[in-house]
Amino acid sequence: MDNRPIGIMDSGLGGLSVMRIMRRQMPHESLIFVGDQGHFPYGTKSGDQIRRYALNIGRFLVQQQVKMMVVACNTATAEALPLLQKELPIPVIGVVVPGATAAVSAPRHRRVGVIATNATTANGIYPRTIHQLDPAVKVFPLATQPLVTLVEKRQTGTKRAQRLVDQLLAPLAQDNLDALIMGCTHFPFLKAEFRHFFGPNVLLVDPAVETVKQVQCCVRQDKRLASADQRGRVRLYSTGSAAHLTRGARAWLHDTSLFGHHLVLPD
Ligand code: DGL
């Protein structure tokens, strides 16, 4: 039994798409979420910058006595996961291996699209990871960075959102995809727009679902589950606007009691 919280990080609101599944599947666990809005977006930053930001957040979470860290950001996973795993004295889980695993486990997965940030796409981590799992898959990577800002501004469900999705995903329209990995944690909030674009025949893969399974597995295996008679508490921190994080979390986690705090970290 271990009632210490689990730490979660992202560059912004996208990590809430992972957190909402964790809250549903692991209601007894307390969670600390850090949105690095002070450095948003990560997808246009260098690998060195992303590693520095992610490590500072990891160290903060360790100070907060978390029992493990979930990197709820594909870009930070691509650039910083090995460093975090080496430097931090706790288990650290990313979202890319779970996302790739979920895609290749789908019944139809010969042709897989991956939409992600500029940095994740340039890194090549998804094609690499997918081919390690199944070399026969044909992967179609596509950088769709402007969608990240759209979600961070909470403009999902608008005509503008659908227009931007239609425009940016146009290169994938003729690729006959079996599945599309939403390879940025902001993107599951645009699932309705993706579904409208592709119609019913393309599987939309949210890496968060498999990630949360791995988190559950990890805490269970280490005998670190929180006690079943407690309801987990949630603490939210933003290195940018705490009010922005509060609004996003209340809307997307359907909980009006949530409250974001401002966090100052070394630069
Ligand atoms: N949500 C993040 C990801 O999964 C980062 C987006 C960004 O800050 O560019 O990649």
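For all residues, glycine too, the Cβ spot is worked out from N, Cα and C.
Annotated in TrEMBL:
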| type | residues | note |
| --- | --- | --- |
| ACT_SITE | Cys73 | active site, proton donor/acceptor |
| ACT_SITE | Cys184 | active site, proton donor/acceptor |
| BINDING | Asp10, Ser11, Tyr42, Gly43, Asn74, Thr75, Thr185, His186 | substrate binding site |
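Projection of TrEMBL feature records onto the structure.
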{"residue": "Asp10", "record": "substrate binding site", "CB count, 10 Å": "30"}
{"residue": "Ser11", "record": "substrate binding site", "CB count, 10 Å": "33"}
{"residue": "Tyr42", "record": "substrate binding site", "CB count, 10 Å": "28"}
{"residue": "Gly43", "record": "substrate binding site", "CB count, 10 Å": "26"}
{"residue": "Cys73", "record": "active site, proton donor/acceptor", "CB count, 10 Å": "34"}
{"residue": "Asn74", "record": "substrate binding site", "CB count, 10 Å": "33"}
{"residue": "Thr75", "record": "substrate binding site", "CB count, 10 Å": "34"}
{"residue": "Cys184", "record": "active site, proton donor/acceptor", "CB count, 10 Å": "33"}
{"residue": "Thr185", "record": "substrate binding site", "CB count, 10 Å": "33"}
{"residue": "His186", "record": "substrate binding site", "CB count, 10 Å": "28"}
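When secondary structure is read from DSSP and collapsed to three states, Thr75 (substrate binding site) falls in the helix class. Here the C-alpha separation of Cys184 (active site, proton donor/acceptor) and Tyr42 (substrate binding site) works out to 11 Å. The record gives Asp10, Ser11, Tyr42, Gly43, Asn74, Thr75, Thr185, His186 for substrate. Within 8 Å of the mean position of their Cβ atoms, the other Cβ atoms in that chain belong to Gly12, Gly14, Gly15, Pro41, Cys73, Ala76, Thr117, Thr120, Val148, Cys184.
Distance from the CA of Cys73 (active site, proton donor/acceptor) to the CA of Ser11 (substrate binding site) is 7 Å.
Taking Cα separation as the measure, Cys73 (active site, proton donor/acceptor) is nearest to Thr185 of the binding-site residues Tyr42, Gly43, Thr185, His186.
The DSSP secondary structure for Ser11 (substrate binding site) is coil.
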